Amino acid sequence: MSESKDTTEVNQEVNEKASSQSTKKQINFKRSHFIIILIVTILVTAMIAVFATIGISHWTSGLNSDQRDEMKKVEQVYQTLDDEYYKDTSSEELGTAAIDGMVKKLDDPYSDYMTKKETKSFNEDVSGDFVGIGAEMQKKGNQIQITSPMKQSPAEKAGIQPKDVVTKVNGKSIKGQPLEAIVKKVRGKQGTKVTLTIERGGQAHDITIKRDKIHVKSVEYQKHGDVGVFTINKFQNSTSGELKSAIIKAHKDGIRKIVLDLRNNPGGLLDEAVKMANIFIDKNETVVQLEKGKHKEAIKASNDASKEAKDMDVSILVNKGSASASEVFTGAMKDYNKAKVYGSKTFGKGIVQTTREFEDGSLLKFTNMKWLTPKSHYIHGKGITPDKKIEEPAYQSLNVIPSNKTYQLGDDDKNVKTMKVGLNVLGYHINNHSTEFDSELEDALKSFQKKNNLDVNGTFNKSTNEKFTQQLVEKANKEDTVLNELLKKLN
């Protein structure tokens, strides 16, 4: 038997195929034809994106006369080519090409078809521990885009940023390739390296990343003075339970102000986003709305809000890497004035996909609805604007300098300005931020190289670039000026 899984996509999803007679595995939030299914966490060993998935079951058996006529023609073309083409043909490849053509005709970057082999690879990626680079990716239009790098992951340490566009893997173009195939290229054994060519700000950069074992922690709690900070990395199984337990503990410790840090949280299970909102939002209040055509259904909180959570002043911290289930949760909290939202605008993903699995193990995913906040805000392509904007430091938005580029005295290039800004932030004083590689920059580089046990030559080469990028990332993580600014407001 084939399976069907209805899924909501707040970033990107992977869906499963179905034959006309399929058994459904789903999570019912209420008794109706609206069903929510767990979103698939596509952790590409570079990690793809995690997205909550929702769907409406509107499947009827059989085809109408027009549909039968069209399918008969497709069958005739398939049979003719398979039997009579002058070269040997593959029945499987012809069938796959026909399906790919139908999906491509939708002109929808979030609808896709995966073969059995691709599906197997996808299923292997759905776990909390995996070997990869720790970056979540999605297909946006004809581009492969980074949704967000995971905190402390090899990708983040190498300088990968949200909305970076991946154009090549190991020097080979990935144009036109399905997301799952690209994921396979990025994957590999622990300790091996992969080079991604990314575009950011109109410039292309090669970034080499060492694959490592990635463990996805769901909730981390730290006390900062009188404020409890809960870093929520992903919405996975038991995230809501982990957060509720941590809040109870914080309440016992006397904490009455909390920050829910959703920065670079790409999403995850919609079910967990709803349950997490239910910690703060009372029973029978709408958490998210599902809409398809004229059909609209509200998914509501099923329990009373936590008494400890009710006793707390809540702030939510987001950025452009906050997507999918993060936005479902933030949108609900914002609509009910349960929290003030700080940071920068979120990613913006508000459409829903359904997944279908066929008997041969292949998968089909297609968009079938959208989701809205309790007050009917549609955030797709727009994101959620924070109540109070807190800008990230300029150096955190610097373009990564390609690892295959070398610069020396006398060069004039935009990347030279990046070096000057970055070195200045790292404590190597430079008076100007021009694009000219001058003697002042050369002296600063020599000091940097000497301090970091590199060859002291004043040239910006690959080894210098790697250490330069690593230290900027470490500085951003250590200082966290955005969080510190928020804590000053709250303490």
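Residue positions begin at 1 at the first shown residue.
Each Cβ is built from the backbone N, Cα and C atoms, and glycine gets one as well.
Sequence annotations record features per position, and here Swiss-Prot assigns active site, charge relay system to SER324 (among others). A simple way to gauge crowding: the CB of SER324 (active site, charge relay system) has 36 other CB atoms within 10 angstroms, across all the protein chains here.
If you look up Swiss-Prot, you'll see ASP335 (among others) marked as active site, charge relay system. Less than 8 angstroms from the CB of ASP335 (active site, charge relay system) sit THR373, PRO374, LYS375, HIS377, each of them six or more residues away in the same chain.
Counting every protein chain shown, 31 other Cβ atoms lie within 10 Å of the Cβ of LYS349 (active site, charge relay system). In this structure, LYS349 (active site, charge relay system) belongs to neither helix nor strand by DSSP; it is coil. What Swiss-Prot lists as active site, charge relay system is LYS349 (among others), and the listing cites similarity to another entry.
The feature compositional bias 'Polar residues' is assigned by Swiss-Prot to 9-22.
For 119-201, the entry in Swiss-Prot reads domain 'PDZ', with the evidence type sequence analysis. Across the domain 'PDZ' (119-201), DSSP helix (H, G, I), strand (E, B) and coil residues number 20 helix, 32 strand, 31 coil.
The feature region 'Disordered' is assigned by Swiss-Prot to 1-22.
For 34-54, the entry in Swiss-Prot reads transmembrane segment, with the evidence type sequence analysis.
Here SER324 (active site, charge relay system) is positioned 6 angstrom away from LYS349 (active site, charge relay system), judged by their C-alpha atoms. A coil conformation is recorded for SER324 (active site, charge relay system) in the three-state DSSP classification, outside any helix or strand.
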